[in-house]
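Down below is the structure, laid out as structure tokens.
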Amino acid sequence: MERKLALLLILGMVTLASCGLREKHVQKLVALIPNDQLRSILKAVVHKVAKTQFGCPAYEGYCNDHCNDIERKDGECHGFKCKCAKD
């Protein structure tokens, strides 16, 4: 039962993360889970999924939106990650 719940939570959070929600929004949902090993695993999974930025090659303007949201700079897609402009 616990494995099924964990799998559902992971899949749900991956889905939310891939729908344009930022990591900070999904991590707030993870905070609702009781503090144990499952919570640590979910936090790591959400962080890794958010870090890969799969939307980068698929959606035009994704990196611009991402970099504007985080650093208030322009961004471009580099592989599967966004590169934000330097000063």
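Including glycine, each Cβ sits where the backbone N, Cα and C put it.
Going by Swiss-Prot, these are the annotated features:
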DISULFID  Cys56-Cys77  disulfide bond
DISULFID  Cys63-Cys82  disulfide bond
DISULFID  Cys67-Cys84  disulfide bond
DOMAIN    53-87  domain 'BetaSPN-type CS-alpha/beta'
SIGNAL    1-19  signal peptide
Intrachain C-beta neighbours of Cys67 (disulfide bond), sequence separation six or more, cut-off 8 angstroms: Lys73, Asp74, Gly75, Cys82, Cys84, Ala85
Cα-to-Cα gap, Cys56 (disulfide bond) vs Cys63 (disulfide bond), nearest whole Å: 6
Nonlocal neighbours by CB distance (under 8 Å) for Cys77 (disulfide bond), same chain, sequence gap 6 or more: Cys56, Pro57, Tyr62, Cys63, Lys83
Which of Cys56, Cys63, Cys82, Cys84, all disulfide-bonded residues, has a Cβ with the fewest other Cβ atoms inside 10 Å: Cys84
Reported mean pLDDT - the domain 'BetaSPN-type CS-alpha/beta' (53-87): 81
The domain 'BetaSPN-type CS-alpha/beta' (53-87): DSSP-derived helix, strand, coil residue counts: 13 helix, 8 strand, 14 coil
